[in-house]
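Here TrEMBL flags A:7-193 as domain 'Thiamine phosphate synthase/TenI'. For A:70, A:109, A:142, the entry in TrEMBL reads 4-amino-2-methyl-5-(diphosphooxymethyl)pyrimidine binding site. Taken from TrEMBL, the feature Mg(2+) binding site covers A:71, A:90.
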């Protein structure tokens, strides 16, 4: 089954207030409609990765929301997560696919047209399942983010695009519709959900925007 | 075959001047008698880990010197390294063993008697192959090092010890003999080899100390 990229939550340890806050945020967001949750914690030691990933799996699996692990294939293998997301400086996707086997999701961040075109070939070869496209807006939550993509470049990517793609980078409530209209399959958010006083309402608001942009209200 | 811990080189990216310097250092040190090489680069992205590990394997395998990967089981799996070394905050050793299978080396850092005693049980259960014991001296190459172990505590560990143990932390030429005399199977070094103008001579000097302390000159 293809991954549903509609509303893709990337957890941030600082904004969520640590592991317990990340698990609580994920649970609430998943119960209110996020379609994917990614654990990303570049500064953590692996023990904390493992324990938090186990807790996230326990709350997400009953809700049928896939858990994606950022970067660390070993953590994904250890907790039998649903997939791994890597950037251009992480393990090559072919290596990630080989280690994970055929039944897990592999996602790849693309930050320019050349990377996106390369990713299309990887998708056709069955190596990856989707790409992240961004940053589409300036972001404060990723320290080593690439320059913001021009709207024209995103438009060029989306022409005749068959590769499932989720927009990422600085996406807040009110900024969703144009991305869906451009042809993105969904939006990945961090601070639009993490750290919000009402995670359920934030999630529902983003979902409503996505559905409205798609021309339906389901 | 048990791991030969006699002279265990932990590569440091800064001291060696990056990947190329690490590979050159490992090659020279292995050709001159180091018995284990560990790749440790806490600040690297995985792409650099992978490429450097592949290069290290290419120079070490012909010399029959095992390559140990610090922390990242996925990198060890990707390059089919000889083992993984973890600290107390990394993946639990049982998980490392499960992911690596029975035919690889698993090492664990121990920084106090309680951890050492726990490790003995893990060794008896076939989960680990050896421990690191330290820091035995103050060290500048590990930012998050534990307090220096008291000589008494090391002595207590070594009484009736059947667990292969390598001393680590601030070990320089001239500081080896007492550790071997205490019962350690070998010494792990970083700056005693990495960054030395004459890596071969540094390696040979350390080996001579080890052999002298063991009461032979082979």
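Residue numbering: from 1, along the chain as shown.
Cβ atoms here come from the backbone N, Cα and C positions, even for glycine.
Compute the center of the Cβ atoms of A:70, A:109, A:142, which mark the site for 4-amino-2-methyl-5-(diphosphooxymethyl)pyrimidine; besides them, the chain residues with Cβ within 8 Å of that center are A:10, A:40, A:71, A:85, A:87, A:132, A:168. The domain 'Thiamine phosphate synthase/TenI' (A:7-193) scores a mean pLDDT of 96 in the predicted structure. Each residue contributes its Cα atom, and for residue A:142 (4-amino-2-methyl-5-(diphosphooxymethyl)pyrimidine binding site) and residue A:71 (Mg(2+) binding site) those atoms are 14 Å apart. Closeness to chain B is evaluated for the binding-site residues A:70, A:109, A:142 by Cβ distance, with values under 8 Å counted; no residue is counted. Annotated pair residue A:90 (Mg(2+) binding site) and residue A:70 (4-amino-2-methyl-5-(diphosphooxymethyl)pyrimidine binding site), C-alpha to C-alpha distance, rounded: 10 Å. Here the Cβ of residue A:70 (4-amino-2-methyl-5-(diphosphooxymethyl)pyrimidine binding site) has 21 other Cβ atoms within 10 Å, regardless of which shown protein chain they belong to. Across the fold, the C-alpha of residue A:109 (4-amino-2-methyl-5-(diphosphooxymethyl)pyrimidine binding site) and the C-alpha of residue A:71 (Mg(2+) binding site) stand 11 Å from each other. Take A:70, A:109, A:142, the residues named in the record as contacts for 4-amino-2-methyl-5-(diphosphooxymethyl)pyrimidine: the widest Cα to Cα gap among them comes to 13 Å. The Cβ of residue A:71 (Mg(2+) binding site) lies under 8 Å from the Cβ of A:40, A:42, A:84, A:85, A:86, A:87, A:90, A:91, each of these being in the same chain and 6 or more residues away along the sequence.
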